[in-house]
Amino acid sequence: MESTGGPYLNTAAVTSPVGIARLLQMTFGCTTFSLVAHQGGFSAAYGTFCMFVWTFCFAVTVFIITCEFTHLHSCLSISWGNFTAAFAMLATLMSVTAAVIYPLYFVQLGCYPIGCEVRDFRIAASVFAGLLFIAYATEVFLTRAKPGQVTSYMATVSGLLKIVQAFVACIIFGALVNDSQYGKYVATQWCVAVYSFCFVVTVVVVAFSVTGKTALLWFSFERSVVIYTFGAVLLYVSAAVIWPVFCFDGKYGSPRRPSLCAKGKCPWDSQLVIAIFTYVNLLLYVVDLAYSQRIRFVSHL
């Protein structure tokens, strides 16, 4: 009697190196948030963010494994290769952030006042959070585009950088809303406009790639992305010059951190974070521009 399940199930989805990495992601993610929810505990916005990251990544990973194992992804009207590559990069960034934040705010060496059992659960959760990050980073490493390989755009260096650029922009926005006093000058408002514009366009590029709709556009998507990246470099150069001048020059701001500024509620701290990540994103866009001229877009993989 012939097997009726063979033709319908893709065993490579769980036996290939990428499939094994995804199974480890599912295992580590479930273990991490279970340890925290059972005994480790969390509080405040930082803890809530970490729990969201672990549960969100776990849910999407289970969805990806299920779809690939059952071939259901062929029924979805999206570019599956672009979707999985984009999620792997996003999950890597989110998981490494959570892996740093949780032990930083919740792990301590001593037992007082939380008790030794809670401390041990938090340490174990931190270890599995680190393993989760490694598992997602491994998938990115395994699925990234190789030289000369025709693959999904989001698997290329340029595509992966788009996810990192958007993630860095979110960090900038978080610092902006944390009493950064960006509305004090028109020049700093211009910087906010730069961050917002580049973030929105980058998200649109990712969205078109993931949905596989780039071929339906009446203009060349590939050329438009390269032109946009060049424009984003110029815009970030302006922000990289303007923001530090109007925040840290003695004429407009403060070169040094005010001594009476409260920790966690100091505009100077937020301004410094924004300045640092402005230069980070500028570097990312420059690297993106260099790579985007050497790749070939494929929207249907």
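The count begins at 1 with the first shown residue.
A Cβ is built for glycine as well, from the same backbone N, Cα and C atoms used for every other residue.
What TrEMBL records for this protein:
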DOMAIN    13-148  domain 'MARVEL'
TRANSMEM  44-66  transmembrane segment
TRANSMEM  78-101  transmembrane segment
TRANSMEM  121-142  transmembrane segment
DOMAIN    153-297  domain 'MARVEL'
TRANSMEM  154-177  transmembrane segment
TRANSMEM  192-218  transmembrane segment
TRANSMEM  225-246  transmembrane segment
TRANSMEM  272-291  transmembrane segment
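Beyond its flanks by at least six residues, the transmembrane segment (44-66) meets 13-14, 19, 22-23, 25-26, 29-30, 32-33, 36-37, 72, 84, 87, 91, 94-95, 97-98, 101-102, 105-106, 129, 132, 136 of its own chain at Cβ-Cβ distances under 8 Å. Within the chain, the transmembrane segment (225-246) has long-range Cβ neighbours (under 8 A, six or more residues past its boundaries) at 158, 184-185, 187-188, 190-191, 194-195, 197-198, 201-202, 205, 252-253, 271, 274-275, 278-279, 281-282, 285-286, 288-289, 292-293, 297. Between the transmembrane segment (154-177) and the stretches 78-101, 121-142, 192-218, 272-291, it is 272-291 that has the most C-beta pairs under 8 angstroms.
Among the recorded stretches 78-101, 192-218, 272-291, the one sharing the largest number of Cβ pairs closer than 8 Å with the transmembrane segment (121-142) is 78-101. Long-range contacts of the transmembrane segment (192-218) within the same chain, counting only residues at least 6 positions beyond its ends with a Cβ under 8 Å from a Cβ of the stretch, are 77-79, 82-83, 86, 152-154, 159, 162-163, 165-166, 169-170, 172-173, 176, 182, 225, 228, 232, 235-236, 238-239, 278, 281, 285, 297, 299-300. For the domain 'MARVEL' (153-297), the number of residues in each DSSP class (helix H, G, I; strand E, B; coil) is 110 helix, 0 strand, 35 coil. Residue counts of the domain 'MARVEL' (13-148) by helix, strand and coil are 113 helix, 0 strand, 23 coil (DSSP-based).
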